[in-house]
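Undergrad: Annotations per TrEMBL:
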DOMAIN    A:81-288  domain 'ABC transmembrane type-1'
TRANSMEM  A:20-43  transmembrane segment
TRANSMEM  A:87-107  transmembrane segment
TRANSMEM  A:119-141  transmembrane segment
TRANSMEM  A:161-183  transmembrane segment
TRANSMEM  A:216-235  transmembrane segment
TRANSMEM  A:267-289  transmembrane segment
Amino acid sequence: MTALPWTRGHSTRRHHRAAIGFLAPFLVAFALFYVLPIGYAVYQSFLKIEREGTFGRAHDVWGGLSQYAEVVHDSDFWDSLVNVGQFFLVSVPLQLVLALVFALLLDSPVLRAHRFFRLALFAPYAVPGVIAALMWGFLYSPGTTPIPGIADRFDLLGPDLVMVAIASVVNWVYTGYNMLIIYSALTAIPAEVIEAATVDGAGQVRIAWSIKIPHVTPALVLTGVFSIIGTLQLFNEPQIFRTISSAVSSTYTPNMVVYATSSIPNYHLAAAYSVVLALITCALSFVFLKATQRRAFQ
Amino acid sequence: MRTARRRRTGAAVALVSTALLLTAACGSSDDSDGGGGSADAGSCQPAGKPVTLTFTSWVPGMQATVDLWNKNNPDIQVDYKEVVGGNQGTYQAYSNQIKAGKTPDVGMIEFDNLPSFRLQDGLTNVGGCQPVQDAEGKYVDWAISQTSFGEDGAVYGIPMDIGPMAIYYRKDLFDKAGIPVPTTWDEYYDAAKKIKAEGGVIGDFPTDQPAWFTSLAWQNGARWFSVDDDSWTVSLDDDATQQVADYWQKLIDEDLVDTIPGLGDPQWKALDSGQEWSIIGAAWTTKLLESSAPKTAGKWAVAPMPQWTAGDNAAGNWGGSTAVVFKDSKYPYEASEFATWAFSNLDALALNNKNGGQYPATTEGQEQLPALTEGLPYYGDQKVWEVFAQAAAGVDPSFQWGPTMTDTYAALADGIGKAVNGQGTLDDALTAAQAKTIETMKAQSLTVSD
Amino acid sequence: MSTLQRTRLRDRPIPVIATTLFMVVCTAYFLLPLWWMVVASSTTRGGLTDTSLWFHGQFELWTNIRNVVTYQDHVYVRWVVNSAFYATVGALVGTLFASMAGYALAKYVFPGREAVFNVILAGVLVPATALALPLFLMFSKVDLTDSVWSILLPSIVSPFGVYLSRIYAAAAVPDELLEAARMDGAGEFRAFFTISLRLMGPALVTIFLFQFVTIWNNYLLPLVMLQNTKLYPVTLGLATWNSQKAIAGNLQLYVVVGALLSIIPLMIAFLALQRFWQSGLSEGGVKS
């Protein structure tokens with residue numbers, strides 16, 4: 001984010017008008033399809049239900065912070081946050097290291113058949129999460145796995161390993177995605193910089209370490225932030241895994257808590273969960289950005 | 001610089017909060033009372049003009065039934081939409097549509113989810129509609145009575161199909177090993193031990209099918225929910241249920257049953273490969289087993305469910321659904337006329353059975369559909385449907401569903417998962433589900449007596 | 001990459017072999033499940049549980065594909081066309097909007113710039129589950145649920161796209177070039193469309209691709225919005241089949257075959273975009 005602002009006093013007003021013109025289409029859509037619904041959800045979270053009798057009609061009334069009090073006291077929700085915290089550690093470091101290594105290899109002249117590898121690594125991202133989880137379910141289940149011995153030796157769907165099993169699905173889908181983000185940052189490095197280093201006799205490893213990696217640090221930070229967000233919002237994969245593993249509960253991740261609550265349906269509590277989840281995500285992303293900023297945007 | 005940034009952030013906050021107020025304004029208007037829509041006898045009148053109804057379900061091939069209706073009823077045309085399974089998203093969609101007043105006229109809801117939609121005030125009581133009153137007597141009594149919620153003469157859903165249960169077993173294996181087909185749960189336990197000695201297992205305790213466990217408790221006379229004087233009583237851990245829980249806990253502890261998720265390929269594989277010798281399933285399992293375990297064709301047979309008391313004819317019911325008329329429907333009379341026809345007329349039932357594998361909820365249908373009087377080659381030409389007709393007559397009519405079953409099921413499944421992974425017992429699962437259900441009901445502002 | 005680099009490497013075959021081997025092993029992990037899909041799609045319903053990584057029994061792939069395509073009056077084809085339509089249009093418009101916004105945030109200084117940017121970024125953090133219901137209620141107010149618009153309109157917002165194009169525009173569009181264009185009397189918009197947009201090429205392709213895949217894989221929004229099967233995208237269609245498999249057993253196989261087929265259009269899109277990527281790449285490399 002090293003935008004070079006217009007220095008000296010050019011026709012500032014003209015620029016403001018242009019900026020507004022460029023921003024307007026996106027901002028209008030953003031306000032309509034993001035801000036407005038979010039506002040609605042926030043509003044919903046301050047309501048509660050009142051009714052009379054066994055099947056009496058429900059009325060929404062102002063509930064103040066009562067739904068939030070509920071959230072604070074709900075151990076399932078906080079347990080689910082601990083779960084995704086552990087999941088993050090199991091899944092993300094490996095995923096990002098692999099993505100970086102792949103991107104560097106794809107960008108280096110050492111590797112042949114770039115197009116093939118790039119396509120192969122990205123291909124899983126084209127598989128919708130729901131389908132991917134179903135497919136891996138087949139590969140993990142003792143009765144149906146085509147990989148001999150794996151299910152007998154490891155109880156991949158048992159309470160000890162199921163997190164690793166789900167992480168493997170998530171990594172399968174998203175490593176290629178992260179690789180592409182890093183790779184596209186690598187392609188933005190001016191060719192002469194690499195050329196100059198090569199002329200100076202630097203090897204590929206050295207070029208990668210001292211030129212390429214520092215250059216793509218912002219992209220790495222970005223993938224880190226996305227991984228934090230993605231992990232906190234984990235939903236499809238564990239939801240599918242519930243149908244193949246008894247070790248995944250209906251409140252395994254925060255988003256599953258939200259979903260379960262909204263299918264009761266208890267919109268107000270579900271909205272409160274969503275708001276708290278978004279705030280936690282925001283806070284964690286912010287802390288992460290702050291912690292990495294010095295390295296990322298020097 | 002610092003203050004400048006503050007100001008900018010302030011502007012952003014202002015932007016967001018303006019949007020918020022805006023939504024708050026339009027949000028409050030959509031909860032306005034639509035007026036009571038329950039149709040008592042007086043208000044359920046024919047529209048007196050040609051109407052078009054919308055109808056959604058996830059029964060495969062339902063379009064054929066609708067086509068037949070449309071051909072014969074030019075004045076009541078039905079526009080059919082196929083949707084995803086209820087728990088895969090359609091229930092959530094219905095809830096949203098109820099909130100927005102955009103429901104179809106007729107929709108499909110499973111029995112166990114019916115109270116939840118009643119609670120959302122989304123259903124029309126069609127008990128006063130003439131077509132319903134005419135057809136009411138055709139339905140198996142416990143099926144229609146489940147849709148009244150204890151209200152006299154009320155009908156909140158027209159039964160589409162039911163799932164009376166029986167035991168499917170590998171006749172060849174049982175015969176070869178000389179093990180008699182269990183008629184009581186004690187015999188089932190003995191058979192399980194013998195089968196284990198033969199190197200197989202008698203069956204599966206499906207960890208992800210709380211509705212299956214519920215139906216076993218139902219068979220034993222469990223009463224999970226009851227309503228009196230505006231207050232609910234919840235007793236998921238009543239004696240009948242605990243007996244069932246303790247029984248299966250024993251089988252799990254002694255490793256006499258598998259504990260894999262049910263109705264998925266792992267279980268089909270186990271059934272098709274001779275690892276599992278039987279499955280306690282519903283009427284709709286008949287076609288499912290046939291298509292999912294094709295290699296063992298001809299080797300299966302069906303017998304009544306094992307009993308808690310020898311000589312009884314108690315059966316559980318697993319699944320089954322109703323066609324509801326949503327509150328926003330302007331034509332409850334026509335809607336109920338269509339729905340009763342589609343799920344009690346013999347021609348319609350034959351189509352539903354052929355295309356969608358539905359087992360009819362009317363006695364007439366169970367006894368007279370040609371397809372239900374034939375022997376099935378997959379089951380060694382046994383007339384399996386007779387077993388289910390008998391089971392349908394043995395389902396306890398007084399079982400009632402709770403108003404937040406999705407949540408109860410989830411809590412139950414979580415507890416069962418823990419139990420089979422050695423982190424508790426099935427009894428603990430009942431206790432936890434009981435507590436969670438009460439908590440959720442109270443959050444819905446329902447009165448629950450302790 | 002340059003010929004200079006290539007000549008240097010010719011003398012050192014070992015790293016080439018080692019890295020290629022490493023990539024082959026990793027790629028195997030990434031392709032294995034896809035390969036399993038191909039194998040599974042070639043069996044019968046019963047063969048699905050036969051647990052093999054090689055073709056076995058009768059080779060039924062073509063029959064299965066024909067069955068999937070013709071099932072229920074070619075509804076599957078319709079779903080794929082729908083998905084392609086939603087994804088292409090949504091990603092095109094979304095990319096244009098995002099690149100304009102990102103460009104403005106990178107190249108102009110105006111009050112509230114960082115605040116606007118932060119609010120947009122915060123949009124990435126909102127769980128999709130929280131957006132679906134309010135969106136449904138909003139669309140039902142203007143009677144647009146169960147329509148193409150209910151899927152297309154929310155899809156054109158890509159906060160991540162704004163982020164990416166801001167970074168890229170800052171790095172790849174030299175101020176001097178814009179300055180020169182202005183000297184020549186080009187307006188701001190003309191400068192953007194004739195010069196900047198081209199320089200931002202690789203970023204645009206990336207944004208388009210990500211947005212395309214995001215829309216293609218979207219499940220929750222169409223689930224909430226759509227009633228009409230004919231408007232379904234392929235993800236929702238396959239989920240419908242998946243939820244009916246308990247009643248119609250053959251659908252289990254159709255889901256696998258349908259999933260396999262649905263990947264192909266994405267692969268084509270990716271292969272097609274790869275070319276632009278390469279050319280955009282060289283242009284991005286030309287710096288003053």
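Every residue, even glycine, has its Cβ placed from backbone N, Cα and C.
Worth saying up front: this structure is predicted, and the values here are computed from it rather than measured.
For the listed features, I'd like the structural context: burial, neighbours, distances.
TA: Nonlocal intrachain contacts for the transmembrane segment (A:20-43), taken as residues 6+ away from its ends with a CB within less than 8 angstroms of a stretch CB, comprise 271, 274-275, 278.
Cβ atoms under 8 Å from those of the transmembrane segment (A:161-183) belong to residues 83, 86-87, 90-91, 94-96, 98-100, 102-103, 106-107, 118, 121-125, 127, 129, 132-133, 136, 140, 154-155, 216, 219-220, 222-223, 226-227, 230, 234, 237-238, 241, 245, 247-248 of the same chain, restricted to positions at least 6 beyond its ends.
Residues 1, 84, 87-88, 91-92, 95-96, 99-100, 103, 170, 174, 178, 181-182, 184-186, 189, 253-256, 259, 277, 280-281, 284-285, 288-289, 292, 295-297 of the same chain lie 6+ residues outside the transmembrane segment (A:216-235) yet bring a C-beta within less than 8 angstroms of a C-beta in it.
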Undergrad: Given a Cβ distance threshold of under 8 angstroms, which distant residues of the chain, six or more beyond its ends, lie next to the transmembrane segment (A:267-289)?
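TA: For the transmembrane segment (A:267-289), the far contacts come to 38, 41-42, 44-49, 60, 63, 67-68, 70-71, 77, 81, 221, 224-225, 228-229, 232-233, 254-255, 257-259, 261, 296.
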Undergrad: Which residues of the same chain, at least 6 past either end of the transmembrane segment (A:119-141), have a Cβ under 8 Å from a Cβ in it?
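TA: Same-chain contacts beyond the ends: 102, 147, 151, 156-157, 165, 168-169, 172-177, 179-180, 236-237, 239-241, 243-244.
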